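Before any comments, here is the structure.
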Amino acid sequence: MAFLWLHISLYYSRGALNAGMTEFQEKLRQQHENSMHQELGKLLSTAEGAEAEVGSQRDLKGFKQLFHRFLQVKGPSVDWAKINRPPEDSIQPYERIRSRALPEGVASSLNKLAVVKLNGGLGTSMGCKGPKSLISVRSENTFLDLTVQQIEHLNKTYNADVPLVLMNSFNTDEDTKKILQKYTHHRVKIYTFNQSRYPRINKESLLPVATSMGLTGENSEAWYPPGHGDIYASFHNSGLLEQLLAQGKEYIFVSNIDNLGATVDLHILNHLVSQPAETRCEFVMEVTDKTRADVKGGTLIEYEGKLRLLEIAQVPKAHVDEFKSVTKFKIFNTNNLWISLPAIKRLHKQNAMDLEIIVNPKTLNGGLNVIQLETAVGAAIKSFDNALGINVPRSRFLPVKTSSDLLLVMSNLYRLEAGSLTMSEKREFPTTPHVKLGSSFTKVQDFLRRFESIPDMLELDHLTVSGDVTFGKQVALKGTVIIIANHGDRIDIPAGAMLENKIVSGNLRILDH
Ligand SMILES: *[C@@H]1O[C@H](CO)[C@@H](O)[C@H](O)[C@H]1NC(C)=O
Ligand SMILES: *[C@@H]1O[C@H](CO)[C@@H](O)[C@H](O)[C@H]1NC(C)=O
């Protein structure tokens, strides 16, 4: 209990404690750290095979550093009064970047680039087993297929050599590698590396819940990939950072693999590589205008003279509403990032990337409360020189997190070309409709079963569907459509139906005969 008390007092209290730790607290902190190190030593001794041990040791070294910092955290990581709006020129409109003509030799710029996709996540929230990137999202193509097609297209069009790098986690590595074989005949070089594997921590004792380095049986929930902020260390540790530098690569373009809008933008790349070395921008964060749907997204602020990412987890409770306001914090982070490779190497060597720790509480299947310590890739922005935000069009942020998102990207609202989705020019308004599908649609498998074909949505503004509802072939939805089947009822929208500004409820069944 003493440890828990220590932890709580370190983490949550403000005021007097902030002035520094008392001797007593410092002693407790050290005791706690020692216990953790002892437990980690025991875990390491269970690692099997020489290679496993090297990997685990490196991972656990990173974890020890993170845990050390976690114990030292004194209250919220930002002082609200010191937050400023970023200066005008630190977030540039995309139009300004785009207005500069591309030079003749686009290929030579592209040859300095590698594309990195964050591929550590599982498809669990969409009811799928295995890596999220292997879910089919459009015309039988998975997220990964679309990515490969995009990069192959770049290579073919510009005669350039852009490698694709996947940051896998221990959850996704094996399945991803199996699938990668199918791309051996594509003109894309694909590299992979693993992010680290850290132990989940018992919330009460602040000790690992793992009993061995294994991932099965009672340890199946004991480990986690520590968020995408881990990219810097694991990219370096894998040797891939050096390898790409040796190939003459200067920048990586990093994005979430489920963001279908995150394509290589030649104007942003050109902006980066064409600057003089002294003022070279080492980090670009693509941001976009916040709408009511993204009030929880991280935003850019100026803090102690540096551009900094502010996440909702760092915001003191009293200011959460202010943080969510669309007028005060107008933009949010799309997590499309352009990062200088030599700068990553420099900062990693100097151990100068101090990413704010995100404490993520979880309850395991057995009911045990744990925390996992994570970091976010964008939080490093404050460590890089001449960092810049670019306010990009919403079209560069097209994440597929739910089956409602999936319905949009599968529909005729989008055109698929060389792996990229663009909004159909047949849609009169550039905004996407607001779609809300109920829980009967959450799992991709159920979703697919409920649509005989994806409805025509070109003129749709708003769709809400709830309950046991199915759609026949070639349905068209226009304006605002609300379909609600109450418990025990079922609604089958007949093939060829056109619903315009309609509310459908009750029971409507079409039986086979
Ligand atoms: C990556 O993780 C997987 C799953 O734990 C493991 O099988 C594989 O050997 C790891 N790869 C490397 C290069 O460490
Ligand atoms: C990309 O295209 C160039 C030019 O056609 C070719 O030399 C290169 O090998 C290709 N890259 C890969 C990885 O296939």
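Glycine residues also receive a Cβ, built from the backbone N, Cα and C atoms like all the rest.
Residues Lys132, Gln195, Asp258, Lys401 are recorded by TrEMBL as UTP binders, and the candidate that the same record lists for that site, out of Gly227, Gly366, Gly367, Gly438, is Gly227.
Here the binding residues for UTP are Lys132, Gln195, Gly227, Asp258, Lys401. Their largest Cα to Cα distance works out to 21 Å. Looking only at Cα atoms, His228 (substrate binding site) sits nearest to Gln195 among the binding-site residues Lys132, Gln195, Asp258. Less than 8 angstroms from the CB of Gln195 (UTP binding site) sit Gly120, Met167, Asn168, Ser169, Pro225, Pro226, His228, Asp230, Ile231, Ser234, each of them six or more residues away in the same chain. Of all the binding-site residues given, namely Gly227, His228, Asp258, Lys401, the one with the smallest number of surrounding CB atoms inside 10 A is Lys401. Contacts of Lys132 (UTP binding site) defined by a Cβ separation under 8 A and a same-chain sequence distance of 6+ are given as Gly121, Leu122, Gly123, Met126, Phe143, Thr172, Ile257, Asp258, in order along the sequence.
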